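Worksheet for the structure shown next.
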6 protein chains.
Amino acid sequence: MRTEGRLTNQLRPVKIMLNTNKYAEGSVWIEMGDTKVLCTATVEDRVPPFMKGQGKGWINAEYSMLPRATQTRNQRESARGKLTGRTMEIQRLIGRALRSIVDLQALGERTITIDCDVIQADGGTRTTSITGAFVAMALAIHKLSQNVQFARYPIRDYLASVSVGVIQEKVLLDLNYEEDSKAKVDMNVVMTGSGKFVEVQGTGEDAPFSRNELNALLEYAEAGIQSLIVHQKETLGEIGKRIGAV
Amino acid sequence: MRTEGRLTNQLRPVKIMLNTNKYAEGSVWIEMGDTKVLCTATVEDRVPPFMKGQGKGWINAEYSMLPRATQTRNQRESARGKLTGRTMEIQRLIGRALRSIVDLQALGERTITIDCDVIQADGGTRTTSITGAFVAMALAIHKLSQNVQFARYPIRDYLASVSVGVIQEKVLLDLNYEEDSKAKVDMNVVMTGSGKFVEVQGTGEDAPFSRNELNALLEYAEAGIQSLIVHQKETLGEIGKRIGAV
Amino acid sequence: MRTEGRLTNQLRPVKIMLNTNKYAEGSVWIEMGDTKVLCTATVEDRVPPFMKGQGKGWINAEYSMLPRATQTRNQRESARGKLTGRTMEIQRLIGRALRSIVDLQALGERTITIDCDVIQADGGTRTTSITGAFVAMALAIHKLSQNVQFARYPIRDYLASVSVGVIQEKVLLDLNYEEDSKAKVDMNVVMTGSGKFVEVQGTGEDAPFSRNELNALLEYAEAGIQSLIVHQKETLGEIGKRIGAV
Amino acid sequence: MRTEGRLTNQLRPVKIMLNTNKYAEGSVWIEMGDTKVLCTATVEDRVPPFMKGQGKGWINAEYSMLPRATQTRNQRESARGKLTGRTMEIQRLIGRALRSIVDLQALGERTITIDCDVIQADGGTRTTSITGAFVAMALAIHKLSQNVQFARYPIRDYLASVSVGVIQEKVLLDLNYEEDSKAKVDMNVVMTGSGKFVEVQGTGEDAPFSRNELNALLEYAEAGIQSLIVHQKETLGEIGKRIGAV
Amino acid sequence: MRTEGRLTNQLRPVKIMLNTNKYAEGSVWIEMGDTKVLCTATVEDRVPPFMKGQGKGWINAEYSMLPRATQTRNQRESARGKLTGRTMEIQRLIGRALRSIVDLQALGERTITIDCDVIQADGGTRTTSITGAFVAMALAIHKLSQNVQFARYPIRDYLASVSVGVIQEKVLLDLNYEEDSKAKVDMNVVMTGSGKFVEVQGTGEDAPFSRNELNALLEYAEAGIQSLIVHQKETLGEIGKRIGAV
Amino acid sequence: MRTEGRLTNQLRPVKIMLNTNKYAEGSVWIEMGDTKVLCTATVEDRVPPFMKGQGKGWINAEYSMLPRATQTRNQRESARGKLTGRTMEIQRLIGRALRSIVDLQALGERTITIDCDVIQADGGTRTTSITGAFVAMALAIHKLSQNVQFARYPIRDYLASVSVGVIQEKVLLDLNYEEDSKAKVDMNVVMTGSGKFVEVQGTGEDAPFSRNELNALLEYAEAGIQSLIVHQKETLGEIGKRIGAV
């Protein structure tokens, strides 16, 4: 049995609060159960050196956990003097996922940096970050659209992410920390509003998995992500209207 | 005129919320106007190498700002690969200030690490961190006292901090960011509940200051700090009763 | 048309040479077309700190490319002073994949470190590294088995990996560098000799992909990996006989 | 009783030797008792990036101790790979203090870097560094004035610094290492020739201090600093004549 | 007796294979006995900042050992985050030696970077690197000469290097690892085709050496290097014809 | 003509002042013309990890230049975050040279660390450091011998070092900075009191050198070093009596 009687295919309670930071061009405080992430979007009128002169924009993400976001305190990466492999992997994933639904040409020579800072961690911090980062980016681009005349609206589709896993032969949606540490198979999926896959990352370090299990995991993930996208749409309301519009 | 008609000797609205993090032994979300800091206290049953074998405890602090806590985005210190001088200076100050009112002998061979993470910055982040860190530490030591029989209660006194400055010949209490950037003299003061000084740090980089100005600054700071300590006492209630008890 | 008339589901020529290094406990020089990787396995009679006292072993991997393995020269990570996110991601992947088919309990308190050094890169360096690393590890454990009486043979199954991708609506197996840079979807798959998935990592940064495409990619990967495992078995011969034996 | 019968308000013997380095634009070897610091001033015709295009100059300071400047050997910061918080704090202090009496507009787009290298440390290394750094800077600006026609002389006032402390209820001026390690309160004060405060940094880590103690400390510091400035004036002679001239 | 009956003044078997890397402008796989080094030469049409605007080129070298090139595994320098002193010393030596026979003026504003990666180490890795690096550089400059009209051919002379040492009063040429670790005196010599010295580095850490021993060491080295240069000439054939031509 | 009519085989004026630092177990301020180096010797009753349990001692050296020891200011290595290759090369050389005349067995499990800090640089800083470091070490071991009963005196011989070079076909002894920058061949030699070589490092980056030149260089160096050793003996007087005694 899951905590608070949650069903195998049920998400934890989701909260998405908009504009929680007074300086950022877009900001979101997102909670999935006890996992809490602050996502801020910063817009700058320049692109990184490797993108210069292409007339295209760039989306970049950074991810970090506060030292006591977790059950025991983690050393700060600033004190260690370098990022862990886990952090690098996650921030590369978030950036890649966001870029998949952005029309960089339409955005023009601008960089949007999304910072995902995990205030409290209870499983699914990378997937929650993606779901929140999308909304923070949407707010920033909407704000930008009030001053800039875009040829096409730069956001092509909605985007959200969720984790799924296998515990004792059962597929579960949206694992919390305790479940995650018991899961034999662990998968993170990112999908668009139109139901396509952007990232599928499944790992069976503790036990390789069959094609049937893979199929079941993908179905749970797909349903969970579509629920999250409904939530994003409701929260953004009017602001989200131009997303994916032709 | 100050924002919202604030008087020269008036604090910004103060909010101190207790136990906002589910894992930390003590946690506080503190706001002074638009400055917001999350302070968590972590208790560990060991001391750093240089303190070993002395039968005494240690209090340590770390300080960081989220990248978009400020008007423009700051590069993460983890990405730079090292802490800035400003961060080191602030975290040394917080640790030193807290140790001044802790009986390390009474605490025993334990380390309490206070993490001060600035969620949003609008001036006074180091003084707000100290005021909040004291409360987070008080919560952690209170919790510890429920399992450990202390010979003496390890907290000898209350502690809070505020900034003061001089703008156009006028002394002002609790500067926000805009005021801070105009101030010719800038001073941070840390005091105890019994009205003694723990730290006095005054800087006149833009204009050296006279002994009279110094006196006026100290008076404003003293009054502001005593207000903050009243606030701390009300917020802690019963939990604070043993602080400073003989 | 693919280079040298390769079919969409055809692997590049594979070469696996055993014991190419005179010092390492196991070593393999593997080539997939023009991609060349030297894999060495080092056995040490101790485990990393976080594994101590559990009676279990550990498998660790490191990955690096020589600076001129690629078309233009890359700066050495030793000169930069830190690993790139890409390198960290790859070496975490290789280690995780190998551990999935090793019985760490049976291995006992030993660490096997697999170094994968890319001598020349023409696409698929991470998947080629995994396929070669498995063989180097098998050689090292076989050698170890001549002096150590294992309760169970520590390798539970064969393991290999391949990349697949989508170019112009077509699914292709084992992409070389030129194909890889044109692919809209890119997927790396790691599977066991018994046909189970260990890692599935699909990315559609340039174009999200449908469930049908995902299915086709997995089928191509599965067939390619089974061919590689046949090759591994032939190369290892007698040495591989105890792998997966009950 | 203090070493060699020193009175509570008496400085240690002060020596300031000019031009001890053949390359630097200004250089000073300063001794306060057994504390010995070499200060060199380097003038460059450019400013750091953040100061560009403002028509103003910049003063920067660096501070370091030789590894055996102290009773036991300290690891070099170059070998550790990073500066300690203490070093950063001190060099920020020295730079800030010097800038307070320099007219950066009058200096023009030049940077003066003051290096303070502690050859031997016996307490008061940061205050001795400031007193010596001022003289080294004065030499460099005097030399510059022989080739450059300044609209106003860039040095507005003299500047010196001293430490004061409380040991067993007594206020002492200019603490040596042994006294410093016994002091309950420790204060560093920087003042100008015209008697204004530039920095006041008092710390009561071991015992908070009262307003009365603070007043007594400031009086001792003020008298000590004025003696040091007399010494600076005598040493500089004609070279110092234009300092603070209208 | 030396391994396989080698005489005191006999080189180990030498193999030099050309163009072993498909991307580099010049590449060489060189073996001296069991020491194996891959040398690649990269040509870039720019020079480092300190050489700009002089109309001259630059030759730079980097050196590294694969972690399991040696009997026990060495930690990667990329993982340590910095180069060892030994590596820096060796790559400075290789670069300096190559520059001694290159006409940088004739080369023009180009940088040639030679990467020497030790695949397997059995003594003499730095001298083998120099001998191989020369050939890789010669290939790259020859290739360049097919597109660029040089006023003078940029390579003035051949260059090779060998180690010599003293074991039990006997002088030995070209020490392998086992001999090297027993040698009381250890010397690396770099010479040109015309018999001049470019580098002489002799060390008697374990036992200072006499002038007579020094003379004997130099004679052995000279003969060994001339043999290596014969080998280089045969291997390069036509490609080497313009080297040193007036 | 050399500065101040110096002959080709004449040393610059040498000054060696003993015990110039009040804390170090041995200290020397050495000057060769305008090159000034402070050498301090620190004795510790432990050895580095790789020497543990062998009953032997260790000699280690560190070298650094103050930022304005040179004509233009150099960035501090502590600010760069890492040592340059030049510094590493020099400190390895100093340590190796000192160890060549120390009986590490006789010294017992102790480490002597010699810090060579260049206060002012005018050529020959590494050779001057070695000559001074030897004396600082001799002072420290003499002091140690007053408390420790050595089976054999741990210093086997005197040791000094000098540079030689070739300018316009002429061999010169003890080059200053200006000469050094014009020299085509540059050689550093370290020798013992009994006339044996410890290090010979000759470099002809700008022009390879013949065997005859090499011979002439060695003769000049030998004579110069023997003069320096006479100077060391006179300066040490009684303290040096046991050096090399049987």
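The backbone N, Cα and C atoms fix where each Cβ goes, and this holds for glycine too.
In TrEMBL, annotation is done automatically, which means it is predicted and not curated.
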Going by TrEMBL, F:G124, F:T125, F:R126 bind phosphate; tell me which of F:R80, F:R86, F:R156 is listed for that site too.
F:R86
Hey, which of the binding-site residues F:R86, F:R126 is the loneliest by Cβ count within 10 Å?
F:R86
If you count Cβ atoms within 10 Å of each one, which of the binding-site residues F:G124, F:T125 comes out on top?
F:G124
In whole Å, the longest Cα-Cα distance within the recorded phosphate binders F:R86, F:G124, F:T125, F:R126 is 13
Beyond the site residues F:R86, F:G124, F:T125, F:R126: chain residues whose C-beta lies within 8 Å of the centroid, for phosphate:
F:Y63, F:I90, F:V118, F:A121, F:G123, F:T127, F:T128, F:S129
The domain 'Exoribonuclease phosphorolytic' (F:10-140) resolves under DSSP into 42 helix, 41 strand, 48 coil
Looking only at the domain 'Exoribonuclease phosphorolytic' (F:10-140), what is the mean pLDDT?
97
Tally of helix, strand and coil residues over the domain 'Exoribonuclease phosphorolytic' (F:157-223) according to DSSP?
19 helix, 29 strand, 19 coil
